[in-house]
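The next block holds one structure in the form of structure tokens; read it before the comments.
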Amino acid sequence: MAFRSLEWQMKGKYFEIVASLILRVPGLFLLEHWWEYSVAYTWPHSQDVADIFGALIANLVLIQGLLILLLSLENLVILYMHYISIGLIFVGCFISRYYVATELELAHSHEESLSDDDDGTERRLRHFSMSQVFTVNSALRIAKEYRDFALGKEDISSMSAGRGNSLVFGIFHGATSEDEFYFFRRQIAAIFIQVVVASFISFCLDVNCHYKRAVLAVYTLPVVFRFSGMPIGLLLFVHKLSSACIILTIIFYIMAYTPDLANFAKSLYFHLYYELQTFGLSLILIDLFNQLYVPIHFLIFWCVKFLFQFYDDVFYSESNSNFVIDRWYMGLLWSLTEVCQNSITFFSTVVAIAYLSSSIQRLVQVIIQGPKAVVNDRYPKAGVTEGLTFFLLGIQTGFIHIKMPHRLAAMTVILFVVSASLIQSIFEVIEPLLLSLGAQRGTSSIFKQCKVLLMCLILFICPLYMSSALAKIFDLDFWTLVVMSSCLMTSVQVAGLLVIHIIFVYDSYRTNPWEALDDIIYYTRAVVRFLEFIIAVFIVGAGFHESLAGTWSWSNSIILLVHCYFNVWQKLQIGWKSFLQRREAVQKINALPCAVPAELKKLSDDVCSICYEPMVTSARKTPCNHFFHGACLRKWLYIQEKCPNCATKVSPIIKEQTGEEIAPTAEETPIDSAMPTLEEIRRVVLEDSVPPSLPRLSELARLDSARQGRTRSETVYESVY
């Protein structure tokens, strides 16, 4: 029973989420309509009644849109019930007005048919007019014929055999039984529809009083008057009287609930005042933004707008229909561009692009890793970069103020930039996966590697194709070169990644350690970084050349400065710092003494603490008397300058005058001297006065367990990245 209640709670929870999505999205449509058509009429421009009324309507649209987005779900349902009730009242009024107009038209047609019948021949008429005579026999005859017709005993054609001579319930002289039947069916249908409408209004407004329900069914009065034998000319008056009764009912309803609205506004004011005094204005604004900015609402809003726009371009736009059908991709681009007409639709497009980019990145993860990639999501902010790129470029170019078809060209350039950013994000997803697969073996790993390699091939070709297409469509200005440089950098990075993957695969099939592996990977990465640096410098040169040629602008200058700082200066600093660290590590390794054969013999049963391989042929001894492979220790020193075992700083002995490094003599040292004493362990690990730079015993155990099971290629990968 507990599980069943939990199941119902989960279903209710999901139902509330779906209901909230469906009910709040129309608020964005109201705000978009207000922004597009009514923002200029928010304040009246004159004392004219039309301007004042227009300003009132515009403010009501704005308020209703904000209420739909900000109200709680319970109050939002109540608001929608009132919306539905107002709509049903208009439906009842329209049906009543249509009924009255139909009856008047039929009566007028009957009078014309009687005046045109000069030969005295009785026609078969299907129209009705009001009469003054009511006979019981006629009513019984109609009831009997209707019963027989319902039971299928008589055909409608047989009902036309008898012709009455008296007037019944508004049926004219000489009317057939078929005419009488259709008359009654029309009246009953009108009453039934009005009763159903009144019942729905009672349900929405939760009306429990019977006389109030009767008032809501006031539009049945014209039908009742039609049955009662009143003159047909009074039907329009009765309809207007019913409308006046409904208007008075609405006024009384508003007056009855005005105190509740005032109390709600009062409680809201005190709540805002308390929040303002407690948390401040900034937190209130942040909370308001979080309630207004719900990405899924904007996504649904954009999807609906885009589908309607595309449907309109295909079926209703004479100038674009053939163009859209022949070249569907240009039709999609055209509709996407036309959707961005104002700030709200533009922001919705930003959210849609972010969702689309995130979906593509997750799809790539699922293709490579399987469904488990959705559960173990390593990129929760995927798609944010692409959406932010589209937003900044749209603001910088004034996208929503550009007229068609120039806006289409701007959209094309922006989408090229966003696509380049998306390809770079996909590369960042694939890079660690491909490097981790380099040291794996087996049939499953080969299948995964094929999928990743195919994706890398696509990432290598797509940027080159985009650059070629961009060069053919647009002139080679600064913006075009920036986009092309981003694409070329991605292709270069993919090529370098493939080379490193091949090196790792080759190393995984070697039986002996490959000491030159780290150097080869470093040089490969250095070549890739150098090519990226050359491309960045070329873009800087092109930007300066365009500025000196007379096409200088603030936007180009800002982009050029940002490009110089991030893609030139920072990369230059990072590369130089990496080179210095590597050179310093090599100098330290060369300064450390090598283990003599006697030490190697005693270390034959021991393994290197970094790679867990036996130290058979060579080893290096640190100043703290710990032994490691020279290549392993060099990779370790690329990352940090401390001993892997005791965290003592590894520093060579240097001459003070000449600055030359002196390696200690390789004289034989007993193996026991390389092991720390119990006093040293107590002083270094267990005492509370241990310096913060030295690891605790738990940290050493964690580091030791983290090293278990690692291959040489994975160790090299961590040392490089």
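Here the Cβ of each residue, glycine as well, is placed from N, Cα and C on the backbone.
Here the transmembrane segment (12-32) has long-range neighbours at 61-62, 64-69, 73, 76-77, 80, 294, 296-298, 300-301, 304, 342, 344-345, 348, meaning same-chain residues at least 6 beyond its ends whose C-beta is under 8 angstroms from one of its own. Residues annotated as transmembrane segment in TrEMBL: 12-32 (among others).
Sequence-distant neighbours of the transmembrane segment (52-73) (same chain, 6+ residues past either end, Cβ-Cβ under 8 Å): 16, 19-20, 23-24, 26-31, 33-34, 38-39, 41-44, 79, 288, 291-292, 297. Look at TrEMBL and you will find 52-73 (among others) tagged as transmembrane segment.
When Cβ-Cβ distances below 8 Å are used as the criterion, the transmembrane segment (80-100) is approached by residues 23, 190, 193-194, 197-198, 200-201, 204-205, 219, 222-223, 235-236, 239, 242-243, 246, 250 of the same chain, each at least six residues removed from its ends. Taken from TrEMBL, the feature transmembrane segment applies to 80-100 (among others).
The transmembrane segment annotation in TrEMBL covers 188-211 (among others).
Residues or ranges marked as transmembrane segment by TrEMBL: 232-256 (among others). Long-range contacts of the transmembrane segment (232-256) within the same chain: residues 89, 93, 96-97, 100, 103-104, 107, 129-130, 170, 205, 215-216, 218-219, 221-222, 225-226, each at least 6 residues beyond the stretch ends and with a Cβ under 8 Å from a Cβ of the stretch.
Under the heading transmembrane segment, TrEMBL lists 382-402 (among others).
The transmembrane segment feature in TrEMBL is assigned to 408-430 (among others).
Under the heading transmembrane segment, TrEMBL lists 450-466 (among others). Residues 364, 367-368, 416, 419-420, 423, 426-427, 430, 433-434, 437, 483, 486-488, 490-491, 494-495, 497-498, 501 of the same chain, all 6+ positions outside the transmembrane segment (450-466), place their C-beta atoms under 8 angstroms from a C-beta of that stretch.
For 478-506 (among others), the entry in TrEMBL reads transmembrane segment.
Taken from TrEMBL, the feature transmembrane segment applies to 526-545 (among others).
Annotation source TrEMBL lists transmembrane segment at 551-569 (among others).
Marked as domain 'RING-type' by TrEMBL: 608-646. Each residue in the domain 'RING-type' (608-646) has a pLDDT score, and their mean in this model is 79.
Spatially, the transmembrane segment (382-402) is not adjacent to the transmembrane segment (188-211); fewer than three Cβ-Cβ distances between them are under 8 Å for residues at least 6 apart in sequence.
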